[in-house]
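OK, TrEMBL features for this one:
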- A:88-344: domain 'Phosphofructokinase' (DOMAIN)
- A:Gly96: diphosphate binding site (BINDING)
- A:Asp190: Mg(2+) binding site (BINDING)
- A:Asp191: site 'Important for catalytic activity and substrate specificity' (SITE)
- A:Lys217: site 'Important for catalytic activity' (SITE)
- A:Thr218, A:Ile219, A:Asp220, A:Lys257, A:Tyr258, A:Met265, A:Gly266, A:Arg267, A:Glu326, A:Tyr431, A:Glu432, A:Gly433, A:Arg434: substrate binding site (BINDING)
2 protein chains.
Amino acid sequence: MSSSSVNLKAVPGRLTSSYSEVQASRLDVSLPLPSVLKSSFSVVDGPKSSAAGNPEEIAKLFPNLFGQPSAVLNPGGSSVLSKDTSLKIGVVLSGGQAPGGHNVISGIFDYLQHRTSGSTVYGFKGGPAGIMKGKYVELSAEFVYPYRNQGGFDMIASGRDKIETPEQFKQAEETAKTLDLDGLVVIGGDDSNTNACLLAEHFRGKNIKTLVIGCPKTIDGDLKSKEVPVSFGFDTACKLYSEMIGNVMTDARSTGKYYHFVRLMGRAASHITLECALETHPNITIIGEEVAAKKQTLKSVTDYITDIICKRSELGFNYGVILIPEGLIDFIPEVQQLIAELNEILAHDVVDEAGVWKKKLQSQSHELFEFLPPTIQEQLLLERDPHGNVQVAKIETEKMLLQMVETELDKRKQEGKYKRDFLGKTHFFGYEGRCGLPTNFDANYCYALGFGAGALLHSGKTGLISSVGNLAAPVEQWTVGGTALTSLMDVERRHGKFKPVIKKAMVELEGAPFKKFASFRDEWALKNRYVNPGPIQFLGPAANAINNTLLLELGAQA
Amino acid sequence: MSSSSVNLKAVPGRLTSSYSEVQASRLDVSLPLPSVLKSSFSVVDGPKSSAAGNPEEIAKLFPNLFGQPSAVLNPGGSSVLSKDTSLKIGVVLSGGQAPGGHNVISGIFDYLQHRTSGSTVYGFKGGPAGIMKGKYVELSAEFVYPYRNQGGFDMIASGRDKIETPEQFKQAEETAKTLDLDGLVVIGGDDSNTNACLLAEHFRGKNIKTLVIGCPKTIDGDLKSKEVPVSFGFDTACKLYSEMIGNVMTDARSTGKYYHFVRLMGRAASHITLECALETHPNITIIGEEVAAKKQTLKSVTDYITDIICKRSELGFNYGVILIPEGLIDFIPEVQQLIAELNEILAHDVVDEAGVWKKKLQSQSHELFEFLPPTIQEQLLLERDPHGNVQVAKIETEKMLLQMVETELDKRKQEGKYKRDFLGKTHFFGYEGRCGLPTNFDANYCYALGFGAGALLHSGKTGLISSVGNLAAPVEQWTVGGTALTSLMDVERRHGKFKPVIKKAMVELEGAPFKKFASFRDEWALKNRYVNPGPIQFLGPAANAINNTLLLELGAQA
């Protein structure tokens with residue numbers, strides 16, 4: 001073993017003796033498996049694959065992997081997978097937490113325990129950096145146990161480093177050789193899975209035996225395709241946020257005097273916001289992708305909200321709940337333009353108190369800047385990242401919209417068009433949703449993803465993402481397989497070079513979830529159709545419910 | 001019926017057809033009752049009571065009620081309560097929402113259905129204002145049904161008006177006479193129960209037959225006594241907040257780089273913060289009552305937090321969770337002093353940009369003002385209530401403390417005493433906890449409180465607060481009775497007059513909950529003993545757990 005490798009002591013960071021009753025009750029739950037994973041199976045290849053876009057470029061970037069078929073596990077058949085095989089498998093968590101990550105790892109671990117003999121699983125610590133630095137822990141049944149069906153990524157911790165430079169690929173190669181790795185499972189989002197595929201390509205190109213399989217992780221729900229119907233963690237996160245939103249709705253209705261502006265985590269895409277809307281039926285929901293498609297301005301979004309508030313007031317309702325996606329600002333072209341101009345001006349000029357600097361803004365940007373509430377203007381000018389750029393992510397969009405709505409209502413009040421006092425409250429639901437105990441769905445789904453990843457590695461596959469399908473059916477009927485990562489890719493031009501990317505799946509305005517939302521939102525706006533989803537249940541009739549987005553996309557009733 | 005009375009149409013505002021699965025699953029749950037309520041019982045008076053303080057003054061304020069005994073329901077015996085009685089009972093919700101209010105109402109309703117015949121329950125709409133304006137709805141089984149075991153107060157809505165002036169008492173009297181009310185149940189906090197007792201006294205003094213019974217409501221947990229072990233809603237709210245805190249802890253541990261500053265609702269008292277600490281084991285918990293007892297300053301609180309962050313950093317932990325009670329600022333004498341001086345100065349002087357006005361501050365207040373982060377200084381100067389006073393409640397204490405800790409860490413870094421980068425996140429958990437689906441405990445407790453209130457009215461009692469005891473035992477063994485409201489009272493001198501008040505129950509530094517917390521906090525600070533309580537469960541082993549505070553105060557193990 002190379003001296004750079006650090007095998008950390010296999011002591012779990014958690015003590016089950018201090019677990020809450022609910023945590024403890026989840027530890028020994030025996031998870032259902034898709035029936036194909038319960039007895040012998042064969043791994044069958046599909047047709048040759050292509051790419052999501054620019055197949056010629058993807059072919060050039062992945063000469064050894066491009067075109068490889070997706071694989072599916074079929075029950076029975078003459079399995080070539082020997083139980084006598086002994087595999088050395090690494091696993092790594094990459095990027096932000098999502099409920100269920102621990103179950104993917106226990107799925108991989110259990111697969112190897114049941115289907116191979118004498119296999120070893122190494123958990124790389126702290127994300128991809130753990131691969132590069134050779135920092136890992138060897139998993140044992142005792143080590144894995146406290147994390148079964150538990151939230152968080154702390155079993156081996158995650159990280160945001162990427163394996164990008166030639167030196168970093170070399171380091172990963174070293175670790176793979178040192179540990180004699182047969183395979184590596186990368187649990188991550190779009191970037192991490194692109195990275196996994198580059199690593200698979202690298203290993204195959206250099207004739208290194210290490211296979212690489214990805215797993216679709218992100219609460220944001222923006223990593224999905226036909227064969228990968230949903231990323232894990234989305235279900236739990238949406239249900240946690242919806243519990244809180246439902247409570248805030250009940251509060252709004254009971255109190256009768258507050259408008260709650262709720263911003264929801266989820267990065268650029270509005271999947272979480274849309275799902276929470278489908279679960280709870282808020283009065284107003286802003287979907288970033290629609291704002292972009294309709295080329296809306298901040299003013300038009302503000303007017304849309306204000307109009308509904310005024311109409312509700314006429315109906316006697318002076319309260320309500322408004323959902324706002326974290327990524328809203330990124331969808332408004334005029335805001336992007338303003339920020340670009342600000343970055344330029346602030347890099348070269350002094351911002352004088354008297355505001356002479358504003359003359360450097362183009363007229364549309366100047367107008368927008370003046371339209372913004374003073375606190376937001378201040379944030380734009382003062383909060384800068386280390387490169388001197390405006391930190392868009394730090395802008396509290398819910399507070400910004402609340403202030404703009406207040407200003408607009410004041411105006412209408414003076415014009416006699418609105419007569420009430422307006423009281424707003426703001427919320428941001430984010431971190432509390434990334435690490436909850438996984439729902440039954442996420443627990444089962446992740447366990448199957450991990451089991452499937454083990455099967456793919458066992459059968460010699462590389463450059464695939466573990467894919468589990470038919471999710472609207474009972475777990476026993478779920479399908480298990482792997483999708484060629486190159487088939488999910490397109491290229492982007494960066495610094496004059498083509499770079500492979502798995503395109504983020506955004507909310508489709510023609511998709512079933514948005515269409516269902518769009519068909520109901522006017523009713524939800526003026527009538528109060530609030531739903532309180534309540535806390536996530538692990539037992540009882542509601543425990544196995546699946547999120548609306550997934551069901552609708554699968555063509556099932558939601 | 002007087003023309004001022006408005007019997008609103010008995011149509012529930014909720015449609016069970018649009019309920020979530022969890023909401024629907026709660027509707028038909030058959031709640032266990034204390035066994036004394038399941039068959040015949042007699043109502044037995046205890047000894048003559050006194051007051052919590054200044055009994056002579058309380059006796060003067062309540063000449064008709066002072067000294068009356070508490071009552072307890074005993075099983076069997078020769079009950080004088082006739083099933084043929086037909087009663088007209090009003091019920092009102094007063095003040096902020098607390099999970100379980102709907103169950104109190106259904107308990108009253110069900111008692112009268114089971115134990116009397118032809119009785120009527122009127123729900124006064126929108127709080128005490130509904131009594132004064134004679135706005136009510138007549139409850140029916142169909143009307144009550146959608147609210148069974150559901151959160152919120154929207155069945156009849158609540159309000160914050162008080163019945164205070166002679167005219168208002170007259171209005172309440174009118175309504176009582178118009179509706180021929182035999183009794184009224186006031187569901188509220190300390191102020192509302194004081195008000196209930198004044199109303200009981202008024203009715204008795206004027207020989208009006210309407211009896212008045214109170215019920216202990218508030219998530220804040222600050223309305224309790226020996227016979228009223230807990231206010232309803234506290235259990236659910238603490239469990240909801242603890243779910244979120246537990247998730248944030250798992251996130252902190254997984255990410256390994258954030259300190260989360262979590263402010264918790266709960267008004268002046270720190271019961272909620274203390275209970276959440278006992279449930280989740282955070283690294284740092286500030287208890288307002290302790291800060292006051294130790295006469296701590298903002299600087300010493302900041303140093304306490306910063307010291308632990310530095311020690312944790314030396315141990316390799318650069319993350320953590322810090323709980324802060326909503327009412328913290330009210331406990332710091334120097335802050336109170338500063339605010340008093342600011343109110344005075346701002347009422348008379350101009351705040352000049354150059355800061356000459358600050359010379360009017362006393363030196364200690366001046367020093368404190370300069371110690372505050374600029375955003376908080378600004379809030380103190382700009383956010384004023386309609387009377388021109390600083391709005392202390394609007395100060396985001398969690399952000400203030402975070403900024404002060406950042407400043408202190410920067411200082412220590414320059415001195416070489418701290419070496420890491422510090423990243424903080426802030427949260428406020430409040431509204432999402434007031435209206436959740438009540439836990440099994442709160443659902444059962446409230447139902448028993450309501451049933452008990454019905455029994456007290458049926459037996460002719462007035463001026464009592466419904467009290468259910470022996471809560472650590474199974475529901476069947478709970479005791480049911482009523483405690484003389486005057487026995488909970490003391491007087492306060494306001495505008496030269498004695499006013500009766502039920503003293504808010506603050507966290508007792510010699511009480512079992514605080515002592516348990518104090519004995520563990522050093523361990524929690526430096527070792528990570530996080531507990532993730534998980535979502536509230538309605539089925540399974542964890543579903544019937546009772547909050548730690550109550551168990552410890554009852555002398556039971558928690």
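Placement of Cβ uses the backbone N, Cα and C atoms for every residue, glycine included.
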Using Cβ atoms only, which of the recorded positions A:Lys217, A:Thr218, A:Asp220, A:Gly266, A:Glu432 are under 8 Å from chain B?
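Answer, by Cβ distance to chain B: A:Glu432.
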Could you state the whole-number distance in Å separating the C-alpha atoms of A:Tyr258 (substrate binding site) and A:Lys217 (site 'Important for catalytic activity')?
36
When the Cα of the residue listed as 'Mg(2+) binding site' is compared with the Cα of each of the binding-site residues A:Gly96, A:Thr218, A:Glu432, A:Arg434, which one is closest?
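Nearest candidate: A:Thr218.
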Name the residue among the recorded positions A:Asp190, A:Asp191, A:Asp220, A:Glu326, A:Glu432 whose Cβ has the smallest number of other Cβ atoms within 10 Å.
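Comparing Cβ neighbours within 10 Å for the recorded positions A:Asp190, A:Asp191, A:Asp220, A:Glu326, A:Glu432, A:Asp191 has the fewest.
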How far apart, in angstrom, are the most distant Cα atoms among the substrate-binding residues A:Thr218, A:Ile219, A:Asp220, A:Lys257, A:Tyr258, A:Met265, A:Gly266, A:Arg267, A:Glu326, A:Tyr431, A:Glu432, A:Gly433, A:Arg434?
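Overall maximum Cα spacing for these binding residues reaches 36 Å.
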If you measure A:Asp191 (site 'Important for catalytic activity and substrate specificity') to A:Gly266 (substrate binding site) at Cα, how many Å is it?
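Cα of A:Asp191 (site 'Important for catalytic activity and substrate specificity') to Cα of A:Gly266 (substrate binding site) measures 15 Å after rounding.
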How many other Cβ atoms are found within 10 Å of the Cβ atom of A:Gly96 (diphosphate binding site), counting all protein chains shown?
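A:Gly96 (diphosphate binding site) is surrounded by 23 other Cβ atoms within 10 Å.
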For the domain 'Phosphofructokinase' (A:88-344), would you mind checking the mean pLDDT of the predicted model?
96
Going by DSSP, give the three-state secondary structure for A:Lys217 (site 'Important for catalytic activity').
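Looking at the DSSP assignment, A:Lys217 (site 'Important for catalytic activity') belongs to a strand.
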Give me the CA-CA distance between A:Glu432 (substrate binding site) and A:Gly96 (diphosphate binding site), in Å, as a whole number.
13
Filter the binding-site residues A:Gly96, A:Gly266, A:Glu326, A:Arg434 down to the ones within 10 angstroms of A:Lys217 (site 'Important for catalytic activity'), Cα to Cα, kept in sequence order.
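The binding-site residues close to A:Lys217 (site 'Important for catalytic activity') (Cα within 10 Å), listed in sequence order, are A:Gly96.
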Between the Cα atoms of A:Asp220 (substrate binding site) and A:Gly96 (diphosphate binding site), find the distance and write it as a whole number of Å.
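Checking the Cα atoms of A:Asp220 (substrate binding site) and A:Gly96 (diphosphate binding site) gives a distance of 10 Å.
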Do any residues at least six apart in sequence from A:Gly266 (substrate binding site), in the same chain, have a Cβ closer than 8 Å to its Cβ, and if so which, in order?
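Non-local contacts for A:Gly266 (substrate binding site): A:Ile219, A:Asp220, A:Gly221, A:Ile272, A:Thr273, A:Pro325, A:Glu326, A:Gly327.
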Test of understanding: give the count of other CB atoms lying within 10 angstroms of the CB of A:Lys217 (site 'Important for catalytic activity').
32
Distance check, please: Cα of A:Thr218 (substrate binding site) against Cα of A:Gly96 (diphosphate binding site), rounded to an integer number of angstrom.
7
Can you tell me the CA-to-CA distance separating A:Arg434 (substrate binding site) and the residue listed as 'diphosphate binding site', as a whole number of Å?
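The separation of the Cα atoms works out to 8 Å.
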10 Å Cβ neighbour count around A:Arg434 (substrate binding site)?
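That number is 26.
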With DSSP assignments reduced to helix, strand and coil, which class does A:Asp190 (Mg(2+) binding site) get?
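Going by the DSSP assignment, A:Asp190 (Mg(2+) binding site) falls within a helical segment, counted as helix.
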If you count Cβ atoms within 10 Å of the Cβ of A:Tyr258 (substrate binding site), leaving out that atom itself, what do you get?
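Around the Cβ of A:Tyr258 (substrate binding site), 18 other Cβ atoms lie within 10 Å.
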Across all chains shown, how many C-beta atoms besides its own are within 10 angstroms of the C-beta of A:Thr218 (substrate binding site)?
30
